[in-house]
Structures are given as C-alpha cells and as structure tokens.
C-alpha cells in the first residue's frame with residue numbers, strides 16, 4: 001500500500017471520527033437534558049465524572065501502550081504474535097479494574113446511599129465494562145491497521161445509540177434504579193462494540209469471495225485467538241519491549257496531565273475532543289505505517305518522507321490555526337458561554353478566568369497532539385525510554401509548580417502548571433522532529449509559522465472582541481449580548497477569510513484529502 005493511499009485512508013478515518021464525535025456529543029447533550037428531568041444531578045454527576053473516569057482510566061492504562069506499539073509494525077510482521085500480545089490487555093485490564101475499583105470504594109469518599117444509591121454496583125459494572133471492551137482489542141487493532149473505516153463507524157454508532165436508547169427507557173420506566181440504569185447501559189455499550197468487531201471479522205473470514213479477506217493477515221477464525229507454538233515465541237519481544245516503553249509513558253501522562261475541573265473542562269475541551277483526538281489517532285496510524293522506526297529521514301524511502309513531511313506541516317498549521325482561533329475568541333467569549341450555560345452562578349465567579357486560561361491550554365493541547373502523533377510513530381524504543389526518563393525527571397518540578405501556583409491563585413494555578421507541562425512536552429517533540437529531518441531537505445516545522453497578515457488579523461480580532469466584551473457583555477441584556485456575538489462573528493469571518501487567502505498550502509491539502517476521502521467512499 002503506497003503512502004498516498006495510506007494518507008487517503010487516514011483522512012477518511014479522521015473525517016469519520018470527527019463526524020462520530022459530533023454525533024455522540026449531540027446524543028449525550030440531549031440525553032443529559034432528558035435524564036436531569038427524572039434523576040438527581042448528584043447521580044448524573046457521579047456517572048459523568050467518577051464512574052466514567054474509572055472506566056476511561058482502566059481502558060487507557062490497559063490498552064494505550066499496546067495500541068501504539070502494535071499499530072506501528074511493518075507489513076511483514078508475525079500477526080499471530082501481535083494478536084497474542086494484544087490479548088494480554090485482558091488480564092491487565094482485570095488488574096487495573098480491581099486496583100482502581102478498590103481505590104474508588106475504599107480511598108475515595110463514598111456518596112451518601114440515600115442520595116446516590118447502588119454506588120458499589122456502579123463501580124463494579126463500570127470496571128467490568130472496561131474489561132469487556134478489552135476483549136475486543138485484538139479485533140479493533142486488526143481492523144484499524146487495515147483501515148476498515150465503515151466498520152468503525154457502524155460499531156461505534158450502533159453501540160452509542162443502543163446505550164442511549166436503553167438509558168432513556170430505563171430512566172423513563174424505572175428511575176428508582178439510579179446507578180443500575182447507567183451500569184447496565186455501559187455494559188450494553190461495550191458488549192455491542194466488541195460483538196460488532198468480532199462478528200464482522202468472523203463473517204469476513206468465512207466469506208472466501210470477499211475482497212477484503214485477501215488483505216487480512218489471518219485466514220481462519222481460530223487465528224484470532226491466543227495461540228502457542230513451539231517453533232516461535234509467544235509474542236514478538238521487540239514489540240513487547242516497545243509496548244513496555246509506551247506503557248511507562250502512558251502511565252506518566254495519565255498521572256501528570258489528567259483533569260482540569262468539571263464544567264470548565266467539559267466546555268473548554270469540547271473542540272479538542274471533537275477535532276484533535278480523531279486527527280491524532282488517524283494520523284498516528286498514517287505515520288506509523290509510512291515511516292520505519294529506528295531510521296531517520298535520510299535512511300527512509302524519500303517519497304514516503306516527502307509525503308510524511310508535507311502531512312506533518314499541514315497538520316501543524318491546522319492545529320495552530322484551530323488552537324489560536326479557540327484562544328483568541330475564547331478569551332472574549334468565555335464569560336458569555338458560561339453565562340448561557342449556567343447563568344450568573346458560573347459567569348460572575350472565577351469561571352471566566354478559568355475558561356480563558358483553559359483556552360490557552362487548548363492551543364498547547366492542539367500542537368502537542370500533532371507533534372506527539374508524529375514523534376511516537378517515529379521514535380525507536382530507546383528514544384521512547386529517554387523521553388520517559390525526561391518526563392519522570394520533570395514530574396517533580398511539575399508537582400512542585402502545581403502546588404505553588406494552586407496555593408497562589410487557586411484552580412487557575414493548576415491549569416497554568418498543566419500549560420507548563422504541555423509546553424515542555426511540545427519542546428521535546430519539536431526537538432525530535434528537527435533532529436529527524438535535519439539531514440533532509442524537508443522542514444515540516446514551517447507549519448508553526450503564520451503569515452504576518454494573518455497574525456495581524458488575529459491580534460486585531462483579539463483587541464476588537466475584548467473591547468466588545470467590556471462594553472456589551474454580560475449585564476446589559478440580550479440585545480447587547482447579540483451585538484457582542486455579531487462582532488465576534490464578523491471578526492471570525494474576516495479571520496477565516498484571511499486564512500483561506502494566505503494559507504494556500506493548507507487549503508490545498510484539505511481539499512485534496514477531503515476530495516480523496518469522498519472518492520474512496522463512493523468506490524467502497
């Protein structure tokens with residue numbers, strides 16, 4: 001498979017991921033509005049914050065390293081060893097689910113059972129659902145590595161919709177079940193998700209006439225299961241060592257960067273979750289397929305290096321423009337967004353300051369997502385270990401800085417410390433990228449430079465919208481608020497128009513990839 005074809009399929013994955021995220025957020029928004037009419041906000045809060053964190057942390061720690069390592073192997077790998085390695089996520093998930101479940105029940109404050117009944121059952125079921133989802137990890141990686149885009153869309157859409165339907169029905173009919181409702185719905189979600197991947201691949205292997213079957217590295221259903229052979233090792237130890245390196249990195253990342261407070265986090269990170277996460281996941285797969293680990297740019301196929309450099313430059317530009325737009329307009333519209341979302345209780349306190357700081361964090365988050373996307377796909381095991389050592393060495397300074405800044409300026413200090421941490425990670429990744437392309441003629445870091453005209457428009461928009469906020473928002477009634485929105489809309493339109501005229505290389509990249517994505521959809 002050529003690099004251009006891989007690029008087209010990665011673009012399809014990214015666009016489908018973006019559409020799925022929009023769909024899921026809309027469903028979640030509507031569902032939460034419905035649920036709050038029947039259940040207390042304490043129950044919904046426990047589910048959305050504490051139980052969801054248990055589930056996401058378990059799956060992240062159990063599978064993230066395996067995904068990164070196993071998606072970056074070459075076409076000539078022994079897939080039976082890779083699948084054996086992936087099945088190890090299940091016992092690892094049981095371990096993390098048990099440990100974290102104990103922490104959630106014994107170390108964290110247990111909610112009042114009269115207010116939030118069945119909390120222990122909720123912890124048990126959410127931990128169990130994480131383990132169930134890990135049963136599908138070998139199928140997910142196999143499908144992702146071969147870019148089965150429609151399977152991803154079908155599986156995730158069906159599981160989310162069924163979970164939402166079950167939740168709504170149980171809330172309507174049996175609201176006194178409390179956390180039982182969300183526990184059963186979460187278990188249904190993971191079960192359907194795993195079954196979709198498993199059934200699809202099993203049917204594919206049983207259909208010899210299927211063209212897609214020819215692309216799979218396995219020919220029988222039994223080859224999807226763990227297998228032991230006397231002629232070879234149970235796992236590819238090079239892949240296993242790379243997994244261990246990525247695990248140490250994931251563990252540090254989870255501890256050092258998780259969590260920026262409730263509502264501000266949910267609102268501020270919405271753009272990051274909608275855009276950056278699908279792009280990062282899809283193009284990590286692209287870089288991992290196109291580039292070979294442990295070789296710098298001068299030792300790779302030069303056509304592949306040229307494509308990778310062009311894609312990286314465009315992604316950096318896209319991340320920079322998206323993050324800057326979020327930061328510039330977020331500063332002037334944070335108070336209005338919080339006022340609409342939660343009224344004066346949120347907009348009159350420290351919420352707007354938190355939101356503005358978080359807008360800056362989103363900019364750094366965007367750039368870091370792209371730089372680490374490339375870095376982790378191209379790093380050798382030894383370089384990953386050195387990166388982990390640097391993160392570990394900086395962790396103490398991060399914790400000290402978090403303590404000092406939080407003591408000095410409260411929650412804002414924690415976001416500032418996260419910005420510092422993210423800046424250090426970006427610096428490390430930029431250093432790696434510069435070194436990687438040093439001997440080549442490609443300079444993808446040029447994607448972090450803006451034209452002076454566009455930069456001037458960003459500065460002008462920031463000044464105009466700040467003045468508009470000072471005079472029109474938010475105590476002067478809805479006419480003034482709408483005028484403030486109109487000012488921002490005009491400034492945003494001018495900014496996007498200037499970007500369209502000045503960033504021609506990025507516009508060409510987006511048009512090319514979106515056109516190729518639509519053409520591929522018509523042909524499949």
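Don't overthink the numbers, they just go from 1 along the chain as shown.
Cβ coordinates come from backbone N, Cα and C, glycine included.
Annotated transmembrane segment per TrEMBL: 18-37 (among others), in sequence order.
The transmembrane segment annotation in TrEMBL covers 43-62 (among others).
Residues annotated as transmembrane segment in TrEMBL: 83-105 (among others).
Positions annotated as transmembrane segment by TrEMBL: 117-141 (among others).
Outside the transmembrane segment (153-174), and at least 6 residues removed from its termini, the chain residues within Cβ reach (under 8 Å) are 16, 19-20, 23-24, 27-28, 31, 34-35, 38-39, 180-182, 184-186, 188-190, 192-193, 196-197, 200. Among the features that TrEMBL reports, transmembrane segment is placed at 153-174 (among others).
For 180-202 (among others), the entry in TrEMBL reads transmembrane segment.
The feature transmembrane segment is assigned by TrEMBL to 353-377 (among others).
Annotation source TrEMBL lists transmembrane segment at 389-406 (among others).
Here the transmembrane segment (453-472) has long-range neighbours at 324, 328-329, 331-333, 335-336, 480-481, 483-484, 487-488, 491-492, 494-495, 498-499, 502-503, meaning same-chain residues at least 6 beyond its ends whose C-beta is under 8 angstroms from one of its own. The transmembrane segment feature in TrEMBL is assigned to 453-472 (among others).
Per TrEMBL, the feature transmembrane segment maps to 478-501 (among others).
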Residue list, the transmembrane segment (180-202) vs rest of chain: Cβ under 8 Å, 6 or more residues beyond ends.
39, 47, 51, 55, 118, 121-122, 124-126, 128-130, 132-133, 135-136, 139-140, 142-143, 148, 151, 154-156, 158-160, 162-164, 166-167, 170-171, 174, 216, 221, 224
